[in-house]
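A.B. asks: As annotated in Swiss-Prot:
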- 200-252: domain 'HAMP' (DOMAIN)
- 669-785: domain 'Response regulatory' (DOMAIN)
- 822-918: domain 'HPt' (DOMAIN)
- HIS302: phosphohistidine (MOD_RES)
- ASP718: 4-aspartylphosphate (MOD_RES)
- HIS861: phosphohistidine (MOD_RES)
- 32-175: topological domain 'Periplasmic' (TOPO_DOM)
Amino acid sequence: MTNYSLRARMMILILAPTVLIGLLLSIFFVVHRYNDLQRQLEDAGASIIEPLAVSTEYGMSLQNRESIGQLISVLHRRHSDIVRAISVYDENNRLFVTSNFHLDPSSMQLGSNVPFPRQLTVTRDGDIMILRTPIISESYSPDESPSSDAKNSQNMLGYIALELDLKSVRLQQYKEIFISCVMMLFCIGIALIFGWRLMRDVTGPIRNMVNTVDRIRRGQLDSRVEGFMLGELDMLKNGINSMAMSLAAYHEEMQHNIDQATSDLRETLEQMEIQNVELDLAKKRAQEAARIKSEFLANMSHELRTPLNGVIGFTRLTLKTELTPTQRDHLNTIERSANNLLAIINDVLDFSKLEAGKLILESIPFPLRSTLDEVVTLLAHSSHDKGLELTLNIKSDVPDNVIGDPLRLQQIITNLVGNAIKFTENGNIDILVEKRALSNTKVQIEVQIRDTGIGIPERDQSRLFQAFRQADASISRRHGGTGLGLVITQKLVNEMGGDISFHSQPNRGSTFWFHINLDLNPNIIIEGPSIQCLAGKRLAYVEPNSAAAQCTLDILSETPLEVVYSPTFSALPPAHYDMMLLGIAVTFREPLTMQHERLAKAVSMTDFLMLALPCHAQVNAEKLKQDGIGACLLKPLTPTRLLPALTEFCHHKQNTLLPVTDESKLAMTVMAVDDNPANLKLIGALLEDMVQHVELCDSGHQAVERAKQMPFDLILMDIQMPDMDGIRACELIHQLPHQRQTPVIAVTAHAMAGQKEKLLGAGMSDYLAKPIEEERLHNLLLRYKPGSGISSRVVTPEVNEIVVNPNATLDWQLALRQAAGKTDLARDMLQMLLDFLPEVRNKVEEQLAGENPEGLVDLIHKLHGSCGYSGVPRMKNLCQLIEQQLRSGTKEEDLEPELLELLDEMDNVAREASKILG
């Protein structure tokens, strides 16, 4: 490769100048010679035409064509090698005589508008040259300046045109080009001979030296460059030979050193083998210690949590018995201490998982606003108990449908807000959620938690995110905790691709903020209620806390309401309002029933009064509703709570659902599928009043067989059924030719965001949450009735939820509403629930006895569904909690307190139901 490159460079350096110079000289001489030939031809033509013009002056004066014709013919024959034609034109530009009638004389004639030449003119056209000169009488001198055109025309007798042939010039040019090319090729050949000789004298020795260097590279250190060389090549030869001699000496010395090093290495290897054996033993001991540590943590999770759950469970059971105040106080202390210890154990286990890298984040679709609303609602109790106002402000540009780990996000919020509650004695705890960055597939959100607590001194801020450390050692004694909460929070935020920081001033409060990255979910998970009915309505809003008021006003600004805000009720402009939202301060501790005059005045000023109550005031909700309050909302107010309450005003003003008569039944054939007899009976009873034909199936197999026999306008499908679940049944039904377009509605009590998307992706047209309410079902039937034009999924509009006391054992009004106001149906549903309780009790008692029976989660799910239609909210919530824990992987033995509480609640339900059923 090197030889070829050198050869090519030498050839280029030799040939390029030769070719370039020869080419330039050839072009110069050819062009110069061509111009000389043309000039010679032009001079020859001039020597012919100018004497001819003088000679023809006399003949033109006499108009003697014959004499002039003979003259030009003689000249044409004498110069026939270059002359093609000679033509004479008179003073009127007419052909007078020509020497060659075979050529078109008009090519030599001047144009009609071209003046006669006053002297010799030359024109060229391709291989033709035309010379023209005037014929002037002897009385005219060219040096004179004629005073008029008339005088010129009198002295101008005509002109002579001579046409010359340039082909001979072209031929001579080609001949000289050919000679130039031959000479240039000859020079190139001579240059090639010299270049070849030079390359042989240079590349030959170089090739010899390259071969010698290659032999030296292969280890033949005795190789030398031989032969006679000139100049620098001889110097290079001597250098290579000297290098080979040096390499040979170095190689000999190196070999000696290698032998010595090999001997030393053998001794070192023997020592390393001994050390490796010791390291291997130490590694095995370390692995065994790590294994024992992992087993210890796993055992601690079970051995500590199980007895703690037992302590908590039996403490709760004991608290339900008759106790003295001292005993109740002691038991409450035991329960709080056990819960604190359980929280510490959970923190330690989470920290261990994070340290080991075994904590895996989920990636599921979820509604961001509902998720944050849920965790803030849980934290509101402890915040309001301390008299702290808790607010949640989610900016309107923050996307709601996202994909991530909602439980870990809630854990982060819980840790940060829990710390804020712990270290704040009065004031506010404000949560602000903003969009930081947005792309087509991802969103980065920033969450700020601001409190008015004790703050953190600057000297203690550096160790805030260290494990088992707190800013002040006395904090753990006063407030409890392990110092792991912020460490776990920081690691969770980092796992979500974000970071966390804070700013704090002693005695002024702290602000913690973090940002995380979430994927955008293109599908709609939850749509809010329609607020168009609020257009043109006036709302009076009273809230003494400015931060809480601002958050609520931001929500109201997204509605068409006209809002009148006042920080106090007394400052509210006296007028009549369509709606009024009255916020009660969290520091207000008097019973609201004592504010009778104030509430009565508020009721008189509006058609629909809503109260925003702190948690400790919720006990008065039922009594307040009896006094004319339209809705009692739990603080902090969020869109998921406030907007449905506002739209309830529309239903308060007009009844959108008219009683269904036999004549108003929808012309539909609907099939309902549910393995729970109570659920199936209720759905069937509701459908009988709304549609003309109803088919009931208690299994997925039966539903598929019935779908083969007849077409349906709509199918209500339970999801969790034995043998064949609702998703599989939906797939098989849609495979039937006459059922391909039949809408299948998923009926589920687990309307979690991720499951909703899974159901819609599996072929379900829509979903209906349990417990089924009459108004929801009727709206669904209206949208999917034949001819309604609904061909794609439509999100079920929100129906206002009734106020339910979650701690009520039996709410007969709720049971009646769930049974569409039918007393007999409500009694039947309650009786079916009581008949099912013994089976559940046996299974739960087997679990508590350590027998680990199969099918517990399915039985709890079935009980959960039955509770949804029987007006037993407390037992329904217990079933939901137990089922969620079991499906999330929690072991049955870890749920011992909840199962004991469920057994106790079964007894309470049976006792309360006996009073109604007799």
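Every residue, even glycine, has its Cβ placed from backbone N, Cα and C.
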A.B. asks: Take the C-alpha atoms of ASP718 (4-aspartylphosphate) and HIS861 (phosphohistidine) and report the distance between them in angstrom, rounded.
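C.D. replies: For ASP718 (4-aspartylphosphate) versus HIS861 (phosphohistidine), the Cα atoms are 12 Å apart.
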A.B. asks: What is the total of other Cβ atoms whose distance to the Cβ of HIS861 (phosphohistidine) is within 10 Å?
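C.D. replies: HIS861 (phosphohistidine): 23 neighbouring Cβ atoms within 10 Å.
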A.B. asks: What is the total of other Cβ atoms whose distance to the Cβ of ASP718 (4-aspartylphosphate) is within 10 Å?
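C.D. replies: A 10 Å sphere around the Cβ of ASP718 (4-aspartylphosphate) contains 27 other Cβ atoms.
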A.B. asks: According to DSSP, does ASP718 (4-aspartylphosphate) sit in a helix, a strand, or coil?
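C.D. replies: Assignment for ASP718 (4-aspartylphosphate) reads strand.
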A.B. asks: Over the span of the domain 'Response regulatory' (669-785), how high is the average pLDDT in this prediction?
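C.D. replies: That region's mean pLDDT is 84.
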A.B. asks: What counts of helix, strand and coil residues does DSSP assign across the domain 'HPt' (822-918)?
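C.D. replies: Each residue of the domain 'HPt' (822-918) counted once, the result is 79 helix, 0 strand, 18 coil.
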A.B. asks: Taking DSSP states H, G and I as helix and E and B as strand, how many residues of the topological domain 'Periplasmic' (32-175) are helix, strand and coil?
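C.D. replies: Residue counts for the topological domain 'Periplasmic' (32-175) by secondary structure: 64 helix, 36 strand, 44 coil.
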A.B. asks: Tell me the residue counts in helix, strand and coil for the domain 'HAMP' (200-252), as DSSP assigns them.
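C.D. replies: Its residues divide into 40 helix, 0 strand, 13 coil.
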